[in-house]
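Residues or ranges marked as active site, charge relay system in TrEMBL: 15, 60, 278. Annotated O2 binding site per TrEMBL: 60, 276, in sequence order. According to TrEMBL, the feature 5-hydroxyisourate binding site maps to 60, 61, 168, 185, 249, 250, 276. The urate binding site annotation in TrEMBL covers 60, 61, 168, 185, 249, 250, 276.
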Ligand SMILES: O=c1[nH]c(=O)c2[nH]c(=O)[nH]c2[nH]1
């Protein structure tokens with residue numbers, strides 16, 4: 001069979017794991033952000049795969065350099081959503097043959113250290129392993145002056161646990177069932193949340209170097225450019241986890257997703273992936289100690305694997 005029998009049906013390439021830390025100095029009051037950036041491109045790049053034609057290739061090394069350059073010049077660097085859109089818009093505007101940029105920004109936590117109850121101006125702490133994750137798709141397929149932004153954002157690895165107000169009963173019982181029904185159990189998960197905004201237009205950069213990125217003159221609350229969305233989504237997710245009397249991970253997930261949709265009119269769908277991290281009461285009957293009854297057990301064995309994995313997307317009708 002010759003190569004003519006095949007077609008290049010998808011191609012996307014770029015740089016992954018570009019690590020950048022940026023300081024913004026407002027006098028003595030400093031801000032820092034640390035990002036892991038992935039930049040992938042699509043466009044008229046087929047011949048680089050099929051004909052060994054590198055003339056269409058913006059080197060991934062250049063994409064790394066562009067990432068650092070936009071991190072240096074962008075007035076939007078402290079907001080990962082805006083930075084991702086700025087970076088993607090610059091690339092699709094600058095290169096005629098690049099139709100789409102896919103920019104993923106993972107933000108690591110650096111919170112201010114509190115000294116005697118006051119935020120320190122330039123000292124920070126990694127106060128959690130959870131990350132903010134932003135995915136921007138900047139689409140200039142319809143033309144360099146008709147750019148569309150597709151944005152989703154959320155968080156990953158937000159580890160939580162509650163020691164009661166979680167039950168799991170009434171599930172299918174058949175020959176494979178060994179799990180006991182419980183009206184009181186530990187519920188623990190590492191929250192992975194992604195909310196997707198309604199697509200929006202992006203103004204084409206007007207300057208010669210295509211470095212400009214201008215936010216819309218008015219920002220609708222709960223829309224892609226509203227910097228309040230991430231904190232609201234994190235707060236309501238934690239609020240529902242803590243306060244909702246859980247009948248299952250599924251039911252809790254649905255509550256959480258509905259809250260994000262309710263609070264943010266510009267979000268059209270919300271996806272959660274929630275591992276159910278199991279904790280098993282240690283059976284101490286062999287030594288005459290009661291530790292089996294879920295509501296009274298005090299010593300548990302955390303189970304690394306397997307875990308449940310409950311996922312769903314809730315969208316506006
Ligand atoms: O909340 C839960 N959902 C399930 O689907 C499930 N399955 C299971 O074994 N335990 C649980 N818990």
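For all residues, glycine too, the Cβ spot is worked out from N, Cα and C.
Put simply, 185 is the one of the recorded positions 15, 61, 168, 185, 249 whose Cα lies nearest to the Cα of residue 278 (active site, charge relay system). Checked against ligand 1, the recorded positions 15, 60, 276, 278 give 276 in sequence order as having a Cβ less than 6 Å away from one of its atoms.
Long-range Cβ contacts of residue 276 (O2 binding site) within its own chain (separation 6+, distance under 8 Å): 187, 188, 189, 249, 307, 308, 309, 310. Residue 15 (active site, charge relay system) and residue 168 (5-hydroxyisourate binding site) are 44 Å apart (CA-CA, integer value). A separation of roughly 5 Å, to the nearest angstrom, links the Cα atoms of residue 60 (active site, charge relay system) and residue 15 (active site, charge relay system). Cβ neighbour count for residue 61 (5-hydroxyisourate binding site) (all protein chains, 10 Å cutoff from its Cβ): 9.
Listed in sequence order, the residues of the same chain lying 6 or more apart from residue 15 (active site, charge relay system) and placing their CB within less than 8 Å of its CB are 37, 38, 39, 60, 61, 63, 64, 67. The Cβ of residue 185 (5-hydroxyisourate binding site) has 166, 167, 168, 279, 294 as same-chain neighbours under 8 Å, each 6 or more residues away in sequence.
Classification of residue 61 (5-hydroxyisourate binding site) by DSSP places it within a helix.
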